[in-house]
Structure formats: structure tokens, C-alpha cells
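Engineer: Below, the features straight out of TrEMBL:
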- D166: active site, charge relay system (ACT_SITE)
- H217: active site, charge relay system (ACT_SITE)
- S525: active site, charge relay system (ACT_SITE)
- 157-565: domain 'Peptidase S8/S53' (DOMAIN)
- 380-452: domain 'PA' (DOMAIN)
- 608-716: domain 'C5a peptidase/Subtilisin-like protease SBT2-like Fn3-like' (DOMAIN)
- 1-27: signal peptide (SIGNAL)
Amino acid sequence: MLTKWVGLASLVAVLGTLARLSPYVAGQATTSDTWDTSEGLINVLPDTFIVNFEGDPTTAQGQKNAADFFAQLRSLGISYTIGFNYTAIMNAASITVEDKYADAMTSLSMTQHLWLVQLNSEVKLGSDSVRALPALAPLEHEITGVKKVHDTLKYTGKGIKVGILDSGLDYTHPAFGGCFKTSGCRVQYGYDFVGDSYTGSNAPVPDNDPMDQCNGHGTHVAGTLAGNDGNFRGVAPDATLGIYRVSGCNGLTTSALILQGLERAYKDGMQVINLSLGISGGWGSWAEAEMANLIAKKGIVIVGAAGNDGDSGMFGMNSPAVAPGVVAVSAMEMPKFYSLYFNLTLEENVPIRRSDHQAYLPQLSILGKQLRPATNANGDDFGCGSVVDLVGTVGLVKRGSCSFTTKALNLIKAGAIGMVVYNDVAGEPGVLSFEQEISIPAFSISQADGKYILDEIVKRGVVRVRIKNDLLPFNNTKPYTAASFTSMGPNPEGRIKPDISAPGVNVYSCLPKKMGSYGTASGSSMASPYVAGVAALLIQAGKSTTIEKYYSALIHTATPQMISGSYISVAQQGAGLVNAYSAATSDVVFPKRFLLGDFWDNAELYGTSDAYTFSEALSNTGKATAAYTASFGYAQSLTSFDSNKQLTATPIVGNVRPKVTVTSSASVTVNSGASTTVKVKLDHTGLANNTFFVYSGYVLFKPASSYTGPALSIPLAGMAYESYQAPVLPPVSTGLPCLTRYSEGRCLSGTNTFTFKDGDFPTIVFRLQLPLYRLRMRVAFADTPAKVHASVSENHYLQLAKNRRNQKVNYYTYRWDGSVFYSDDPTKVSPIPNGKSYVLILMFYITNSWNPFVYTTSTITVNRAS
């Protein structure tokens, strides 16, 4: 967010005429292109804002600025309602006020920032289940060094206060002590900001009890971080917990509520705060990110989930994880995971991994029953029509050709007591869904296991199964890879995100007792608490008294993972897989996290357009001399754009990279209590400046044979292009942006007349392929198209996320009501006069603040009735 108002006159002085701007040629819209114009700005609460006032909220001047802001609104005749005052660390308030006054509020001298109130991506696990699963030892702790920290160093997070902003917690679960706030309880702090029934749009019903028995997400997160129940031990099993419930049963919250949770956690003295939630595609200057930064500057470790939008390409991190002061955690696959299974009872039991069955059915107990293909008269086994007699057997069907409901009803009619669906494509077992309750248990298995079972039936004639609610560790076919769903960086400003990776796929942890007490879940939500737990261990270990050194210990001791001979992109795994033991025992620290960002746009800063040498200081806090061999390891280069500059579902891997060399001595020695500097040269000579790849790699420090300290690394990333070239908008072939009529949503061409009443408003539909720093709107008259006439909106408060492929509506709409303002005063709005005009959208992307993309609508004839 810009902190100061830049009015129309100032803009014209900088830009001159429109002829100096970078034009964008719109696609040729067809009459078949129709859009839902009611969507507006997606996941934004209408008429709701967070305003950040100038000054410290704890000072008289800061408090006066807040009071003066509301007095100024009253003097302008602007009605408002205060939702919540933030007074501990950010001088701010959430308010309800008509959207049309946003520019006016931003122009007031006491306004530092203005933000829209946004909805998060839903965080929810599942429905009630009567099935109980046991407390099993986490499989990840051996790999991440957590078990070694527990067993050897004896750090368990004891005495460390960890706050969790989530859906609440079932603290009656034995892993959390079974009590809340009373003497001896693990959970000593907490608050419910929302109530069970909160949906994101209705009024919250807060109370003092953060109990959750309907969602489960927060309980699973808390289990990973700090659960303690016999065999099951979280990362910091003796930490003291603060539970801040900011989402209800449906898993939705808002940026305003996240701010409330952060403020309460800060006031309660939390030393680590975990947020396994966030706003998709965020900017580091959004409200929740800004508050997280302020708290981090006070020495509190903030850890956040990167997000689960990996299928929407790069530059898609969650906020507040996207913020510089927050450790953003991506999800990584582990070598083994727990799964439900059944046994084929051959000479030896053969375990077959399976999905869970319907939650409304009781515990499974199918012992020694025949598993038989549900074939029809033609021999196919889809189960979509009449099938063979299956009385007393479990039917095996192939996925496809009809619904799961149809298959199940046909098997029930044939007398089956259960249904196993094997997938029709390679990979994991599928997910079963039904249009009605099915009376027999049904679950899925993989295509490979289905074919194996069919082969055994052919060989043996009869195959029997034993099916109970049992779990076993299974080998992962893609260990140590970034989860396909995990959101990718960099952040919108081009800086390195995510920061680090942790186990996040098929993670076994706690659930509310009503939901079975334990279960598996996947997501960056599951990875974030793992790192938060490690941070608690580091604080107990007394690793540092500064936030940057905590971050250094976490990030620079992580283990970068490889795929196909190259390191996985920093944009996917950050520094690599967290290593708790290395972080707790390393005596060598870096004073900061290295953030390279956009090389081309910063070439002047670097002093050359071809090469840049940067330095990194290593400090040794230990008693022994540290010795390393330094080198550079290249990671995969990634882009989210195809040759037509259109966003792709999965990133494209390339070999676009600068030459990177360690220019200082490869042998690095750091004496006890001393520091040394390593220099690395980044050379862009010959690198094509016309692709959209993000390159990355690692400066690697391998311990010399005489030194027993852990390996270290520095992640490095940058963009192989200048930001003004970036394809913010999709190709013209998509037909967007386009001008529509609000009441119709059909793309228009040529000259169109609008009356500005009864739904007859010009509405602009556009899609963003990259995050947008600013979107301004201007009006030019048709007879003077190169001259700005007036402003439609300054939008100082509006930084937009890119549209995600997995959104129900993956475009934005803006309805113009015909109002404009002149000069530098958005508090004085007037209607555009009748006549022919154009609306110009100026799109500012990341760093090129004064070189925007410009989209010009087709001609708008304003014809208001006199």
C-alpha cells in the first residue's frame, strides 16, 4: 500500500499525455462471451475496510490521529460503524462504510493505509465420525531431526508460549491435557472471536472458550505442533498453548478477524505464533501481513502456511505468509505415511492401501470375505448395470462410466456387503462421493493395486480380504518432492518465498474426539505448525535473542531437495526441508536472509546490467573453528506461462539461468567468535531478457572433514526478465478485458449507450495472470482521447491478487456508476456529463509504478435522462 495520497494533478505531471503509456490491445470479444458481473472483487466483504492511522496507538498523538479521522468523516457527512479498534501494536480500526468513499478516506492526512476486508481460503477437515484411531508415533520426526532433538538434546518446548490462530481446539483431547486455563493445563490462553455459526459474512458471536468440535483443522494443526499423548508427540510436546479461534465450523475468517487474533496473541505474550490460514495470492503489505511484520519486529517468531494454490502457477503465496517478517512454509512429501488398508489373505497377508469409508457408517469389520469383480454379462467391471451375484462378498469395480452412487446401488442389489473402487488412472486412490447415503462401506484403491488384485483372482480363483480400521506405514512413490498443491513464490514484489518446507502430505495428527481423535490431512496448513514447533525448540535451546538469527537458524540449516539431477526450485521448496537438529546445534549464523528478487529492474542499484557480486557474512558463535567448502548448486528454472504468454496449470521447467560462481575462496574458515565474508558473483551476460522464468539455486557450504557442524545453504532466486514485460493480462485470444453491461454481462464492441440506472451501467471484466500493485481508472472524452479528463478511482487501497485457476469465478469485475472527481480531491464527486467517453484502466505491476499497462474500453455514450 502507498502511504501517501498522489492525486490526479501529480499523476498527470508525471505521465503527461496517455501517448506515453504502455498500451494494451484488448481481445476481440464475441457476443457469446458472457460473465457474471455481480462478482466484483472476489472474496472481499462489501463496504468493509481496515484503516491504519498515522502514529503509534499507545501515544497521545496516535490516538488523536484516530479520533481526527472519524471526526473528518463526520464533517464530510460520511456514515460509518466501527467494528473493532486495534490499539496494541497497530493503530487501526475495522469499519463499515460505503465503498464509494474509499478514495476519500485514503486522501485524509491521518490515514496511513486503507485495506479491503478479505475472506480467507476455507480451512476445514471433515465431518463427525464415530470411528476412533490410535495415537501413533509421527513418522516425520526421524527425518527432520525432531526425534534427535527430543532424545539427545532434551528440548521439548517446555516453558515456551505458542499461539495458534485457527478453527479452535478440542482441548478435551488427551494430547492437550483435557482442560483449559485451569492450573496444570497445557492450554493457558485463548479466545473465540467468531462462534460456531460464523460464515464470513454474518456477525461473529465471540466468547472466552475456543473449543472446536465441528471443524477439526485447528486440532490437527495443534497436534502436529504440540500434541502429547503416549506414542503421539508433536514437535514441541511440552509447549504452553494459546488458542485463538478465528474461524467457525465452516472454516472461513476475514483479515479483520486475523488482526484481532494476532493482537490478542501478542498481548498474551506468545513467543511463537502459527497461522495455518491466510488470504490467497497476498501482498506483503496487506493488513494481516503488515500486523504480522510489526509483531515479528518485536522478536516474536511468526510462521504461516504458504497456501494450497499450486495449480494456479507462481506468485500465489498466502498472506500473511508472504510478508518479509513471516516464515512461509510449503508442504513436502515424506518417504512414508500412515494409511488405512485392508489385507488380501493369501499365503501371507498383503496390505492394500485404501481410502476411508463413509463417515456415517460404523467401524469396519469384514473378516475373511471373498473379494469378487462386479462384472456384467459383457465382462466389464464398471458396475454400471446388473452385475453377477455378490451375496456375502465384497464387490470390486473400476472407476468411471457412471457415478459412484449408481455402482453402489447395483452392488447392494446384487447382495454385496462392501464396495472397493479401483482407480482408472495411475496415482493415488481416488475420492468417493455419493448423492445419497449408501448402506455398505465403500472405499477406493489405486489403479496399480486394482490390477494386482485382478491378477491374483485370475491365478487363484478366490481371494479373501480382512478389512478393519487399521493403519500401516506405506512407502511414498515421490518422497522429498514439493507437494503438487503447495503454493509457489516468489512474492508479488519478486522476493524469495516460501522460506522453508516441512512435512505436509498425509500428515497424521489429532482430531476432535467426535471425529475419531486421530487422522491424516494434507496441506501447507499441516507443514506450518511443524516449523512453528521447531521454532519453539530453538527458543528453548537459547539459540538467539534476535528474530533474524532465529530465522537464520531455521532457513540456512534446512536441506535443499533435488529432482532429476537439479535442486527443486526455491519458488517451491524455499530453503529446503527443515532440519531441527541442525538448527539447534549449528554455531554458524547468517545475520540476514538473502533476498535477491528482480535483477533486471534493480540493475541500476547493482551498478551493472550484466553482473552483480553480493557478500554474505558468516559468524561463528561456537568454541571450535568452523570449516566449509563453498559451491553453488543450480535449481530448476520455472515459469507459469506458455509460449502464448498464457497461464498454465502446472509450471514449465526450463534451463534459464545466469552464471553463478563463488568468487572468494571456496575454502571457508570461521574462527571461534569471529566472522568471515563469502562473495558470490551473479552474471547475467548472455541471458535472454525476454522469457518469464524464475531462476534459483543454493550457495552450499559443505563441512570440511575436520568439522562436525551441519551443512548450510543460502537460497537465491531472481527473475530473468524486466517486470514491464510481464504478462499481467491474458492473451487477446481470451477476449478479456472487455466492456459489458451490468445487467447482461455480455462483452460489447463498438459504441454503446448507458443510462446509468436500473442495471444499465458500464462494467469492465478483466482477469489477472499476476498480482497487481495498483489499478487506477481514468476517463477521457472521445474527442480528446489522449487527454485525461477526470478520475474514476485512485484505488490506493487496492492491491489485487492474481485470479486463481481453482476459483469458482476467476476474473474481476468493476461496475462504474458514472461518478468522477477532479484535481486532487476525491471527497468531491460529481457525475460524468452526457457524451462520448472512454474509461482507461492503468495497471501498475510490482516495481514499474510509473509505467503502467493501459486498457482502454470501447466508446461509452453517457445518456442520462434530464
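Cβ atoms here come from the backbone N, Cα and C positions, even for glycine.
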Engineer: May I have the DSSP-based helix, strand and coil counts for the residues of the domain 'PA' (380-452)?
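Structural biologist: Tallied per class, the domain 'PA' (380-452) gives 16 helix, 14 strand, 43 coil.
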Engineer: What is the interatomic distance between the Cα atoms of H217 (active site, charge relay system) and D166 (active site, charge relay system), given in whole Å?
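Structural biologist: H217 (active site, charge relay system) and D166 (active site, charge relay system) have their Cα atoms 7 Å apart.
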Engineer: Please report the number of other Cβ atoms within 10 Å of the Cβ of H217 (active site, charge relay system).
Structural biologist: 25
Engineer: For a quick check of packing: other C-beta atoms within 10 Å of the C-beta of D166 (active site, charge relay system), how many?
Structural biologist: 30
Engineer: Quick check for the class: what is the C-alpha distance, in angstrom and rounded, between S525 (active site, charge relay system) and D166 (active site, charge relay system)?
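Structural biologist: If we compare the Cα positions of S525 (active site, charge relay system) and D166 (active site, charge relay system), the gap is 10 Å.
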Engineer: For D166 (active site, charge relay system), which of the three DSSP-derived states applies: helix, strand, or coil?
Structural biologist: strand
Engineer: Please give the average pLDDT for the domain 'C5a peptidase/Subtilisin-like protease SBT2-like Fn3-like' (608-716) in this predicted model.
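Structural biologist: 88, rounded to a whole number.
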Engineer: Tell me, how many other CB atoms lie within 10 A of the CB of S525 (active site, charge relay system), whichever protein chain they belong to?
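Structural biologist: Its Cβ shell of radius 10 Å holds 32 other Cβ atoms.
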Engineer: In the domain 'C5a peptidase/Subtilisin-like protease SBT2-like Fn3-like' (608-716), how many residues does DSSP call helix, how many strand, and how many coil?
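Structural biologist: The counts are 0 helix, 65 strand, 44 coil.
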